[in-house]
Structure formats: C-alpha cells, structure tokens
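*Asks:* So TrEMBL lists these for the protein:
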TRANSMEM  B:22-42  transmembrane segment
TRANSMEM  B:63-87  transmembrane segment
TRANSMEM  B:107-131  transmembrane segment
TRANSMEM  B:181-205  transmembrane segment
TRANSMEM  B:226-244  transmembrane segment
TRANSMEM  B:280-300  transmembrane segment
TRANSMEM  B:306-326  transmembrane segment
Amino acid sequence: MLKRPMAAVALVAALAVGAAACGGTTKKSSSGDNGAAATSGAKANPNAPIKKGLKVAFLPKQVNNPYETIVDKAGIAGAKEYGGTAKEVGPSDASASSQISYLNTLIQQQQDAILIAANDPNAVCGPLKQAMSRKIAVVTYDSDAAKECRDVFINQASSEEIGRSEIKVISDLIGGKGKIAILSATANATNQNTWIGFMKDELKKPEYAGIQLVKVAYGDDDDQKSFQQTQGLLQAYPDLKGIIAPTTVGIAAAARYVSASKYKGKVQVSGLGTPNQMRKFVKDGTVSKFELWNPGDLGYLASYAAAALASGQITGAQGEKFKAGRLGERTIGADGEVILGPPTVFDKNNIDNFHF
Amino acid sequence: MAPDAPVKTSSPGALPNPVTRLVRWDVIVTALLIVVFAGGALGTPDFATSDNLSFALDDLSEIALIALPMTLLVVAAEVDLSVASVLGLSSALLGALWDAGWAIETIIPLLIIVGAIAGLVNGLLVTRLGLPSLAVTIGTLTLYRGLAYVVLGTKAVAQFPQNYADLATKTVPGTPIPYPFALFIVAAIVTAVVLHATGAGRAIFATGAQEEAAFFAGIRVKRIKLLLFVVSGVVSAFAGAIYTLRYGSARADNGLGLELAVIAAVLLGGVDFDGGRGTLGGVVAGVLLIGLLRNLLMLRDVATEIQSIVTGLLLIVSVLTPRIIAGVREARRHPRGSISASSQ
C-alpha cells in the first residue's frame, strides 16, 4: 500500500486537471447540437374522429397533492367521456428526477398520450423526446417542459395575467404600502418562477413604489416546510405586511400559521389556493382574497387536448382548433400553448359557490 | 486506554458455522432477485424487454456506484450519510462551471478533487477527533448541501454536450447495459477483489469486527477509515457528474435523499450495520433487487405509497432475518442460553 495515499490522490487529480485544462468541450464549442424540434411534417386532420380506447396517463408533479388530485381526476373523467382509459401515476416527492422513472415506465407501457406537470423543464426532456419519437402524444399542463419536448402546453391562465394580478390583489389588501414576501413552491418550478418574474416586473410600476419585495422563500410544496418558512419570514421581517403564496400548499400553510399567531389581521396572506382549503381562513378573516382558475377544467382541457393529438386532429401547431367537451372549441396559440382562461378571485362573498 | 484483550470471542458471528453458511442472507437476497426477475418476466410483458431493463439499470447507476464504497465503510463499522449531498454539490459545481464556460474535461477532474476533499473532511473528523461517523456525516450532509446551494443557488443549468449526455444514457453497443452501469460492473469487481481477496479487505473486516483488536494486531485502523471516506467522497462526486448528464439538469437539489436508497441497498445486501460482516455480492444483489422491484411495481401501476411500504418491509426483514438466524443458532449452541443472551 502507498505510504501517503492522500498525496497520491491529490497528485493524480492535479495531473488530470492540468492535462484536461489544455482544451476540451465547453459550452460555446458544443452549442447547437441539441437536435431540432420534433414537429415534423405530420399533418393535422381536424375531422379525424377521436380514437376509441385511448390509453392516457397523467404524471403530476407529485401525487397526493390536493390541487394535482383535482386536476388529474377531472382529466380522468374527461377521458371516460371520449371512451378512453386514463390513470394517474407519479412520485410522492416533487423533485426533478423522480418523474423520469415514471416517464420511462409510461413509454414502456406504450401509452397513447402522456400528460405531465413538469418539475424541471429540462430534466424531463430526454424521455419526453423519446416518447414523442414513438408516436406518444405529449401534453404538459400546469408547469411546462422545454418547448421542443412536448406537443402542447395547457396553461391555466396567462402567466402574465396571474403574476400581475397577484400584485394588484396584495396591493389592495395592504393599502399599497409596505414590505411583502413571496412563498413559492420548489425553486425550479417553471410556473412559479414565471409568475414571480411578472410579479417583480409589475412591482416596477410607479403605483407600486411603496411596496418592497423583501424575500422569495421556498416551501417546496411541503406543508410543514411552507409553515416553517412562513414562521421564518415573519420573524425575519416583523413589519411584513403581506405574503403572496402562488401555490396551493404554500398559501394554506401560510394562512394556518398566520391565523394562529399574533400576526393575524396584521399580515395579509394571498396567492393561489383552492376554495375548500381556504374557506375557513376566509371566514375567520385571515385571508380576504385569493385567486385560482378551476383546476378541474385544467385537467379536463388537457385530457381532450391529449385525445385530439393522439387521434391526429391536431399536431400542436399555432392556429389549430379542437373540441374540448363541455369547454367548447379551443385554439392553439403561439408556442403550442392553450390558455384555459382568466383566474377567478375568491372572497367571502363568493367562496361558498365553489366546491373543489 | 487499557487494552482489554483477550477480546470476547463469544460475540455472534465471529465464528463460522455450517448452519449460517447455508442460510446466509446474501444468498437469500440473490434467490429473491431471481424470483422477482422471473415473476416479472412471466407476469408483466413490458418488464423483461432489453429497453426496459437498460432503463432500469441506468436509473440505478448512481445508487449502485455509491453503494460500493458505502459497503466498505459499513463493513468497517462506519457510515457516510453525506454522499447524496456530495453528489448535489458536484452537480451544482458542474452546472456553475459549465455555465461559466469551462470545459467538461476540466470540470470532471475538479469535481473528483472536491469529492476527495469532502471525504477527507468526513474522514478527519471521524478519525482525528474520534467522533461517530453517523453524527459527523449528518452534519456534513447539511453542510455540503448548503454549499451546493451557495454554488448554484436555486437555478438549473441544462444543455450539456450531446456526446457526454450519450455516455450517461446510451448502452454499450449490442447490449442492454448502459455505460454508467458497465462502469459499475467493473468497479464492483475491483471492490469485490479488494474486499474479499486482499489483505486490505481483511483489514477492513477486522476493523469493523473489533477495532481495538485490529489496532493491536497492527492494522492501521484510522488510515483505512480515512481512505474509505475519501473514496466515498470521490465516487459520490463522480456519481454527481453522471447524475447531472443523465438527467440533463444540474441543480443543487439533485439526488436529495439518495443516501437512504444507498444504505437501504447495502443493508438489504446483508451487510451488518454494526460492521465486520457482509459480502459485496450480497450488495450487488441488493442494489439490483431494489431497482428491479421498483421498476416492476411501477410497470404494474402500484401506487407510490405501496412501493414505499414494500421497500420498507423488505428492509426491515433484511435487517431482522440475519439476527433471527444468529439468535436461533446461538440458542442451539447454548440450549439454556444464559451468558450470551445479553449480547443481543
């Protein structure tokens, strides 16, 4: 055995770095080698009937997340309407790589369509491209993957509209002045980050000059962690006026913490949540207003888009139209995006009209 | 410290026994692996395809690789819980440096150095300060993950060169074996030879079985442990590069919780958590069993919760069974079981 193993390790490693540093593959030298998008010469036939017995799979960010459950259940019900069979599979944690195993499994099972809410836009790209090359329709919903890795993205609402309206809501609630914080989900969630981007942009407007965004915290869509992050925010910024949690897990945890603390009534909580989850906090006065689109409609629309793709009615190109059951006809916009519609604002006057 | 040799030779497992030889846990795991594979091949049409198997193996790459040094550490009665954090730190560094325009060929050796340093820190804290590795590596688990976030923040870096991404995902031509898994096979053979056929291997076993006795027998216990921690760091850092290229996304949170999967595979493979006992063949079987079982359960649409329950139960059984076997054996040897009963 070597007398000084550590020295040997260091020496070998140093030599290797030295040798390699002379040249090699860098970001610049390798750019442009990621093959062209898969949108090939495939032609859409708008009159094609929806194929019978389509096998459709929903892969949410994580299973057992109340929001995703509503989305996927409605999507599965939609599939029943057009005579297909759908299922929901997925990881129990919302991390990037855990979706990969499921994607590969779905490819092996030869599903007709895969619907995914991507935890990381790029990590899922490889298997999604593989799926598309095997004629599996790929629809992203809720959280998009890189454009070239899916056929269609069903966006719950225009991201810009959501981001900007979140700022309007919180500004109304805190009287246009004071410190605010954002409690997001995971740091890489595409949808959260897009909304936060628009929130920051909206804050640049002169009418929001009195509002200061002090921190973006991440609760990882974990109830306990989101609760702790809320606690942390309020301790770090005792004069905080408002928290925007653009995630259903986050807003419920934040509201739960605030409602039981001395900050109740002093700190406004808003963001995106489901009415059932937020009802009690709206009634006890912790939360005055929050927003959401109808998650059931999102899953339903995604399900129909998947069927239209798998049946050859659409290919994902801009301007193509498809029928989405009770939601009527929808048109594909730029970059293969289909927008569900503007978000609904819930408050104590209308919350009892919604049950999801 | 007062040398209290002669050591207590009555500790279970110190003496070979024909009964335990026959019902060794690693043999059971291998049999179980064959049963799972055969059952899967017969009952699930998509399972035994070369496509699916190569994917299942690729999915296991990092766990399998890190399980090798982990086996050596656990046999030496230590553990390294920081492996997944070293993997994450390595991934974050790879992303940040690649983004800054460095060459992959420069970054990877650097990652290995960082891994070696991370392992060295673990090793020094354990051997020089005499701290328990469980405590030390829980600390560095948090520390290294924190550093990963310092390096890359919360962003994700993608778009790595295709030739390297292919190395991490494509299979050896003509076989369903992905390159990272081929690397694992080679590394496993080397590790098996070191552990079971060399003096260094015997020294690792002796260290884990009875550290003091090993020390007085002239084995450089601390040096061995230090080296094993460094190897663990290096392998974890290298696994971080594979992980990043395989998923095409460098992130500070890559591999979160992976250490548990690694330790599960090692324990499932029949390595005694108290040290001194285990075989590398058992660990390889354990790694494959966990991977194939998970793949099979997913193909059969078994819910995630049930998957966790199955893996958890398997693990408990794997830790319990060898103890029960040892207990039964002990009871047979001392029908009245008076003295040695206390050692369990």
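Even glycines carry a Cβ here, placed using N, Cα and C.
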*Asks:* Look over the recorded stretches B:107-131, B:181-205, B:280-300, B:306-326 and say which has the most C-beta pairs under 8 A to the transmembrane segment (B:22-42).
*Replies:* B:280-300
*Asks:* Same chain only, please: residues at least 6 beyond the ends of the transmembrane segment (B:226-244) with a C-beta under 8 Å from a C-beta of the stretch. Say none if there are none.
*Replies:* 61-62, 65-66, 68-70, 72-73, 76, 78, 80, 82-84, 86-91, 94-95, 107-108, 111-112, 114-120, 122-124, 126-127, 133, 160, 168, 180, 187, 204, 250, 254-255
*Asks:* Which stretch from B:63-87, B:107-131, B:280-300, B:306-326 shares the most C-beta pairs under 8 Å with the transmembrane segment (B:181-205)?
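*Replies:* Answer, by Cβ pair count: B:63-87.
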*Asks:* Under an 8 Å Cβ to Cβ limit, what residues of the same chain, 6 or more beyond the ends of the transmembrane segment (B:63-87), are close to it?
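*Replies:* For the transmembrane segment (B:63-87), the far contacts come to 115, 118-119, 122, 126, 133-134, 137-138, 140-145, 148, 180-181, 183-184, 187-188, 191, 194-195, 204-205, 207-209, 211, 224-225, 228-229, 231-233, 235-240, 242-243, 254-259, 261-263, 265-267, 269, 271-278, 280, 283-284, 286-287, 290-291.
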